[in-house]
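Colleague: So TrEMBL lists the following for this protein:
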BINDING   Gly173, Glu174, Ser175, Gly176, Ala177, Gly178, Lys179, Thr180  ATP binding site
DOMAIN    1506-1783  domain 'Dilute'
REGION    608-627  region 'Disordered'
REGION    639-661  region 'Actin-binding'
REGION    1095-1122  region 'Disordered'
REGION    1214-1238  region 'Disordered'
SIGNAL    1-23  signal peptide
Amino acid sequence: MLEGSTIIAFILLLSCFIQHARVWLPDAATVWQSAELTKDYTPGDLTLCLQLEDGTNVEHKINPQTTSLPPLRNPDILVGENDLTALSYLHEPAVLHNLKVRFIDSKLIYTYCGIVLVAINPYESLPIYEPDIINAYSGQNMGDMDPHIFAVAEEAYKQMARDQRNQSIIISGESGAGKTVSAKYAMRYFATVSCSSGEANVEERVLASSPIMEAFGNAKTTRNDNSSRFGKYIEIGFDKKYCIIGANMRTYLLEKSRVVFQAHGERNYHIFYQLCASSHLPEFKTFKLGCADDFHCTKQGQSPIIDGVNDAKELCSTRRAFSLLGMEEEDQMEIYQILSALLHLSNVEIKDQSGDRSSISPDDVHMMVFCELMGVPCEETAHWLCHRKLKTSKESFVKPVPRVNAVQGRDALAKHIYARLFSWIVGCVNGALKSTGKQNSFIGVLDIYGFETFDVNSFEQFCINYANEKLQQQFNLHVFKLDQEEYMREGIPWTLIDFYDNQPCINLIEAKLGVLDLLDEECKMPKGSDDTWTQKLYNILLKQNSHFEKPRLSNRAFIIHHFADKVEYQCLGFLEKNKDTVNEEQINALKKTKFDFLLKLFDEDDKGTGSPNKLTPGRAGQSQRDNKKTVGLQFRQSLHLLMETLNSTTPHYVRCIKPNDLKAPFVLDPVRAVQQLRACGVLETIRISAAGFPSRWSYPEFFTRYRVLMKQKDVLPDRKQTCKDLLEKLIKNQEKYQFGKNKIFFRAGQVAYLEKLRSDKLRLACVSIQKTIRCWLARRKYLKTRRSVITIQKYTRGHQARRYVDFLRQTRAAVTIQCNVRMWLERKRYLQKRSAAIAIQSMLRAHMAKQQYYKLLFEQKAVIIQKWVRGWLAKQHYRRTLAAVVLLQSCVRRIKAKKELRKLKVEARSVEHFKNLNVGMENKIVQLQQKLNEQQKENKEFSERLSVLEKTLTLERERQSREIESLRRSEEETRAKAETVPSLLEQLSFLQQKLETTCREKDELEEQTRIYKEQTQQVVDDLNLKNTLLQSNIDDLNKEIIQQAQQLTETKANFEDTKQLEKDLTEERSRYQSLLSEHLHLEERHKDLKEEMILSNNSSKRGHKRTDSNYSSNSSEFTQSLDSFEGEDSVIQAENENKTTVDLPILLRLQRRVKELEQEKQSLWQQLDKNEEAQQQKEKDIEKQSTVGRTELDLETLKRIELESENKKLKQDLTDLRKSLSSENSDAAPPAPGSLPYKTLLEQLTSSIEELEMRKDEVLLLRSHMVRQEALKHRDSILGENAKLELGEIASFQDVNKSTDVHALNEDGELWLAYEGLKETNRLLECQMQEEQRVHDERYQKLLEEVNKLKAEKEQQQKLLAQSLILPEDARIEASLKHEITRLTNENLERMEQQEKQEKTIRKLTKQLKMYMKKVEDFEASVQQASVTTDPVRVVNITRKEKEYQGMLEYKESDLSRLLKYLIIDLKPRGVAVTFTPGLPAYIVFMCLRYTDNISDDRRVSTLLNSTISSIKGVVKRKGEDFEVISFWLANTCRLMHCLKQYSGDEAFMVHNTAKQNEQCLTNFELSEYHQLFGDLAIQIYHQLIKCLDNILQPLIVASMLEHEPIQGVLGSKPTGLRKRSTSTSDGAVTIEVLLQRLSVFLTTMSQHGMDVHVVKQIIKQEFYVIGAVTLNHLLLRKDMCSWSKGLHIRYNVWQLEEWLAENELTDSGAKESLEPLIQAAQLLQIKKKTEADALAICNMCTALTTAQIIKVLTLYTPVIDFEERVSTTFISTIKVNTLLCSLFHTFDSFLMNFPPSQPFRTF
C-alpha cells in the first residue's frame, strides 16, 4: 500500500500527462526529441499516443513493471533562462534543450547551472570581452547580470575582499572547449578591475605570461588549434588593498611526447613553427633553420599552418612578452638556440648496422649543428646516442644498442631537454611575477584538461582522467556542502541526498596496491614489463574492485569505470612513460658543454634529484633508480598538493563545452554536447539539485508571480503567511515544498505545476476579458447600427416632409401667380386707357402754359434792369462815405500815437536815472551789458525793419497826400452831403466812450496784478525766513555738540589721580575727534555761507518791483536773473518751461511739511543724544581697563596742539568773514560777485584752505618722524617687534630691514633717518602732486558741466524772452511771476534736501566714529594682554581721507599662505553658500590680484595665481569624493576665470563692460597664459565632479531605472534559479523618485554655489547621458530585462526624467536628446516584431541605435507571460539583411554605449 502523500504525488504527476502536454523521447541522432500527447494518459495504459514536431504520430511503449513515463518538457516561458536550476523539470533533455536555445537562437555562450558556469565555444570572435563590458560587470552581483566569465571573476574578487578568504576558479573541459581562452579572460578581468600596488605594470606582466606559456605549452590538435598540452594553476596575489602585486604558476603533466611525435593533422608546440617562420631574421642565421617541413619533429602531422595565424607575428608577440617580463635579449636568444638544436636533433639519422648495433654518420650535418649549438663534443655525443653503459657490482661495460632503442634514446633526450627548458621558463615567469611585498590573499585560476577518452588511451589519458576524478569528487562535496548550508540557513529539515561518490574509483587508482602503486612497483623491477604489470592488475584488482574490468578481446589492456564513462587503457608504454628515463651518459656528455645556459638547466635538475656523487660504489645505479621519483608519483603528489590548495579556497567552477568537432560557429552537436555534460559533472549537479529542492523562491517574488491565483480576501498584510496559505491550498502534498525563513523550496516539477495553474487562470481571465470585450464590441456595433438606422430614418422622414412642403408651396405659388397674372392683365388694360387720357390733357395744358410763360418773361426783364440801376447808385454813395470815415480815423490815431511816443521817452529817462542810482551792482551791469549788446543787435535788426517801414510809410504818405488832394477836390461834393456829418459825429462819440471804458478796465487789472505780486513776495520772504531759521537750527545743533563734548571733557577731568594717564589720553582723543568734527562742520558752514551769499545776491536781484511804466526794464532783469541762477537743475528747468500755472496751496503744504521735518529732526536729535550718553557711559567703563603709553600721549598732544592752532585760525577767519558779511548786510546790499569785498573774501578763503592743507601735511610728516624715532628706540625690545612703521598707502615702507647696509655706514641712525625722511618727503610730494592733479581734473570737469549748464540756461532764457515778446503785457507779467515762484519753491525744496543729506551724513559719521572707537578699544585690550614686562606701544592710527573704493584688497606678501589657508583650504562651502555671496573666494582673490597689478609687482602676481591654483588642486584632490566641495570650487574657478577675462583689457570683453568696469581693468600685466591655466583647472575639476556624480548615481541607476517596477502588477517575477538577483521588491527598494531627489539635491547645490547656467546644463546633460548609457548597457547584458512590460517601465521612468527637466527649466540643455537611445530601445521592446513591414518600421524608428544593439535586443527578448512570443530567427535575419538598415546604421564591434562619455567641457 502506498502512503497517502505518495498517492497524491502520483496523482499530481499523472495530471500533467494530459492532451497537449509535451514530453521528451529518446532519439539516436538528436539524443532527445520533443513530442506532444494527442490524448490523455490514464493509469494502466501501455502506450502513449504522441505526435512529433514534424507531424509524425508515434506510440511510446511503457514498461508495465516500472511504469516509467517519459520526462516532461518545461513550459516555453522557462526555456532559455540564465540558470538551468530555474527549470521546473531538471533532467538531461531539459538541460540540453535550454543550452541549445540559448546557444543557437540567442547567441549566448554562457549559462549558469547552479554554481557552475557552462561556457560553450562559439568558434567565432564575439564583442563581449571589451573593456566596457568589464566595467559593466565590475561591482555587480552575480545574479544581476547575464552569465559571463567576468561575472564569475567578479564574484571571486568580491568574496575575496568580503570574506577574507582565498578563491579558486576551476576551468575544465576537453581539448578545444575554450579553457585557455576562459582563463585568459579571467586574468584580464582581474588585471583590469584591480590596480597595481607599488610596482609598475604588474597587471601587464601577468597578462604577458599567457603568450609565453601558449607558445611553449600549446599546440594544434585535431580538436583545437590552440590546445593546452599541460595543466596550470596560476595564483594571482593581492595586497591588503586588493591590488595585484604578483602571481605564481604551477604546471602539471606536460605532454613531452609531442616534442618527438604528432598525429596526423596535429602540430608540435607553437614555438618551433614560430622559429621556422622567422628563420630569415639576421639574429637567427647562426641557428641554420629552415621551414617547418625541413625538420622531422615539425612535419609529422603534415599540417604546419593554422588558418588565420601568422607564426612570425606570434614570435614577435612572444619576444615582446619576454621583454615585458624582464628577460634580456641574450637569454631569449639562448632559449631559441636550444630549441633550434632540438629541431636539428630530430633530423639526426641513426643507421642500423649488423646485429644489434647502430651508428651515426660522422658527416651528418644536423648532428654537427646540434653539437655546435649545444657546445658539446660531436664524437662523444654521437657515441652515446648509439651505445649504453651497463654497471654491475664489480664492473661496468659499454654495450651498443639497436637502432630502435637508439631512436628512442634520442627522442627521450629531446623530451628531457624540452621539459627542463619548459620548467626553467616557468621558473623565470614566476620570478618575474613574484612581488617583494607581502601577499594578503590570492585568486587561483586552474586551467586543466577535462575528461578524455579516445580510441587508443595511454598513460597520459590515465593521468588526466585520474585528475578529473579528484576534481569531480571535490566538486560533488562542494555542491553537497552548499545545499546543506542553504537548508540549514533556511531551517529546512535536512535529509541525506544520494549522490554519486567516486571515492572507490579514486582508491582504485591511488590506494595501496592500486594501479599507480603497482605501476611504480613494476618500474623498480629489473625485468619489469607492461605485460607483467598487466597480469598483476588482473590478479589483484579484477575481483576486488567493481570499477576495474578486463577487456574480452585483449590481454594488454584494462577498463576503469570513471564517473563520466568507461575508458579502456592500452598498457603498452605505461612503464616507459612512468619511468621517463634518459641515458645517464648522454646527460653527462651534455654537462661537458661550453654553453652556460645548458649547464644552468641541468644544474637545476641535479638540485632537484640529488647529487649522484653521494651514491655508494657498486650500488650507485640501483640507488639512483630507487631515489628517483616516477612520473606517476610526481603527478600524484602534485595533485594532492593542488587539492589541498583548492580545499583551502572557495572554488568557482567553469565547465567549457565543445559544441562540435568541425569547429563550425554556433553549431551544436547534441551527441557531443551530452557526452561532455556527463563528463564535466553538469548533469550530476542537476541530479543532486533535483534530488532535493531545486526550485527556490523568495516570498516577495512568489507573491508577485502567483498573485493571480489568490483572491482578494486571501491577501493578508503578512505576505509570508499569504504564500503559505496559497501553497497549502494548491499543493496538498507538503513534502513537495518546504517553507524556509526567507525562501520557499520546491521539489522538481512543482513550479511547472504552479505555472500551469497560473497559465490556466490567466487563460480563463483572458477568455473572460475577451468575452467582455467582444460583448462590448458587439453591443457597440449594435448601438452604432441602431444610431445609423435612426439617423437614416430621420433624414428620410425629413426628406419626405420637405418634399410635401415643397408641393404645398408650389400649389400656393401657382394660385398666387394666376391671381397676379389676371390682375396684371386687368391693370394693363386700365393703364392703357388712363395713359391715353393723360396724353390728351397734357397737350392741352402745355399749350396754355406756353402762352402764360411768354407773358411773364416780358415783365421779368423790366424788373432786372431796374434792380441793377438802383444798385449802382447805392454803391457810389457807400464808397464816398467809407473814404471820409477812414480819413477821420487816421487823423485821430496819429494824434494818440504821438502822445504814446512822448510817454515812452519819459519812461526811458526814468530808467536811466534808476541805473545811475544802483552804482553797487557792477557785476549785474556787466551781465546786463551783455544782454544789452544782444538787444542792440536786435535793435539794429529792428532799426533796419523800421527803416523799411519808414520807406513804406513815406510811400503811404505820398499816396495819402494824393488822396488828400483828391479829397480836396471832392470837398465840394462833401459839403453837398453835409447831412451825413451828424451821423459820423455820433459814431465818434461812441468810440470815445468805449476807449474810456477800456482804460478803466486796464487800471483795475494793473491794481490786481500789483496786489498779487505783493502776496507772492510775502510768500517768498516767508520761505527765505524758514530757510534762515533752519540754518540757524543747524548752527545751534553744532554748538550743542561742541558744548556736550566740552561737558564730557570736564567730566573726564574729575577722575581719580591713580588713573590720570588714562583720563588724559581719553580727553585728548575726545578733543581730537571733536576738533575733527568741528573742522568738518566749519568747512560745511563755509560752503553754506558761500551759498547764502550767492542766494542773497540773487534775492537782491529779485527785489526790484515792476510797474506798468518800466516793463521793458523788468523784462531784461528777469532774463538776467535767469542767467545768474546757478543751482537750478536742468530737469527742473525743463519742467518749468512746461508749467504755465502755479498752485498756491502747494506752497502751504510745503510749509507744513517743513514743520513736520523739523519735529522729526528734533526727535532724532533727542534719540542721538541718548545714544551718545549710552556710548559715553560705555566708554567710561572701558576706559577704566585701558592703559596708555607715554609715547602715544605725546603724539596725541602734538596733534591736538597743531589742530587747535589750525582751528583757531580758521575760526578767526570765519569770524572776520561773518563780520564782513554782517557789515555788508547792514548796508542792505551783499557783495556782488566781482566786487572788491567779494574778491577779498575769496582770497582769504583760498589762502586759509591752502594753509590748512599744508599744515596737515606737515603734521603728518612730523608725526611719522616721531613714530619712527620712537620705534628706533624700542626696536630691540619686544614692543619694537610689534611696531609697524606705515605711512599712508606706501607699501614699500614696511620693509625696514632692507636698509641694513645704510645702518652699517652710520651706527647712530641719523644718516639712515635723513635718507628715509627724504624718500618719504619725495613720496609725499608725489602723492600731493597726484592729488592736486586729481582735484584739478575734478574742478575742470565741474567747470565744464557749469558752462554746459549756463549754455542750456541761456538757450532757455532766449526761448522764454521770445515767448514773452509774443504774449501781451498782462500775460507776460503773470508768466514772469509764476516762473519766479516756481524757482524759489524748487530752491527751497533743494535746500531742505541738502539739510536732510547733511543730517544723514552726521549720523553716518557718528556711527563710524563709534565703530572706530570700539576697534581702538579692542586693539588696546589685545595689546595689554600681549604685554609681559614693559609698557605696550600701540600702533598709531593715522586718520586718512575717505577715498573711492577701487575694488582692491591689500595684503602682505607674508600673509599670502594664511590668506589662502582661510580662503581656500579651510573654507567650508556650506557656510559660504548660506551666508555670503556666491563666488566670494573668487572675488577676493581677484581683488588681491588687482592690488598686485596696481602696485605692478609681477612676482607677487605669479605667486598669488600659482598658489591659488595649487591650493584649489590640493582641496580637489583631498576631497575629491565630496560633491559639494567639488561643485563649489568649479563655480569659483569659472568665476575667477571670467573675472580675469572680463577685466583683461581685451576689446572683445570691453565691449560688453560698463565704463566703470573698463576703468578697473588690469593695466600692468597680460595674463592670457593664466586664462589657459584656469581653464585647464576648471576642466580638471569638471571631470572630477562628473566622476563624483557617477560614483553617487551609478548604484542608483540600474535599481531605479530597470529593477524597480513603478507600475506594480504589470511584470511578474520569473524563476531565477540558484543565482538570485540582489534586489528585491521590498519597500526599501531604490525608486525613480530617489534618483530624481538626488538630482534635485545636486542641482540645488550647484545653484547655491552660483555656478554658471551653461555649466549646470552641461553637467545635467552629461549625467543624463550616463543614466541612459548605464541603463541601456545593463539592458543589453541582462536577458531577464528584455520584455514588453520592462519597456513600458523604462518609458515611464524616462517620462519622469523629462518632467523633472521641464520643472527645473532644463529642457534646452540637450539632456533629453541623450536619452534617445534608451527610449528607442524601450520602443523596440514594445513594437510588433513579425513581418517585413515591422522590420522596416524598426529601421526607421531606431536611428540612435546601432545594428549590433538592435540585434542584441531582439535576440535577448524574453516573454514574461505565455501570451508573448519570442522573436523568430527569420525576423532577426530580415533585420540583418535589410538594405535600409545598412544605409542608416553603422555596425560597431561593441554593442555597448561608450562610458564614460567623452564630451568636452566648455568654459565660455
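Residue numbering: from 1, along the chain as shown.
Cβ from N, Cα, C; glycine included.
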Colleague: Can you tell me how many other Cβ atoms are located within 10 Å of the Cβ belonging to Ala177 (ATP binding site)?
Modeller: 26
Colleague: Tell me the residue counts in helix, strand and coil for the region 'Actin-binding' (639-661), as DSSP assigns them.
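Modeller: Within the region 'Actin-binding' (639-661) the tally stands at 9 helix, 8 strand, 6 coil.
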Colleague: Where's the emptiest Cβ shell within 10 Å among the binding-site residues Ser175, Thr180?
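Modeller: Ranked by other Cβ atoms within 10 Å, the binding-site residues Ser175, Thr180 bottom out at Ser175.
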Colleague: Excluding Gly173, Glu174, Ser175, Gly176, Ala177, Gly178, Lys179, Thr180, which residues of the same chain place their Cβ within 8 Å of the centroid of the Cβ atoms of the recorded ATP site?
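Modeller: Everything else in range on the chain: Asn121, Arg223, Asn224, Ser227, Ser228, Gly450, Cys656, Lys658.
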Colleague: Cβ distance under 8 Å to Glu174 (ATP binding site), same chain, sequence separation 6 or more: which residues?
Modeller: Arg223, Tyr449, Gly450, Phe451, Glu452, Cys656, Lys658, Gln676, Ala679
Colleague: Within the chain of Lys179 (ATP binding site), which residues six or more apart in sequence place their C-beta under 8 angstroms from its C-beta?
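Modeller: The list for Lys179 (ATP binding site) reads Ile171, Ser172, Gly173, Ser228, Asp447, Ile448, Tyr449, Gly450, Cys656, given in order along the sequence.
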Colleague: Counting every protein chain present, what is the number of Cβ atoms, excluding its own, within 10 Å of the Cβ of Gly173 (ATP binding site)?
Modeller: 27
Colleague: Select the most exposed residue of Gly176, Gly178, where exposure means the fewest other Cβ atoms within 10 Å, treating these as the binding-site residues.
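Modeller: Sparsest of the binding-site residues Gly176, Gly178 by Cβ contacts within 10 Å: Gly176.
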Colleague: State the mean pLDDT for the region 'Actin-binding' (639-661).
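Modeller: Average per-residue pLDDT within the region 'Actin-binding' (639-661): 88.
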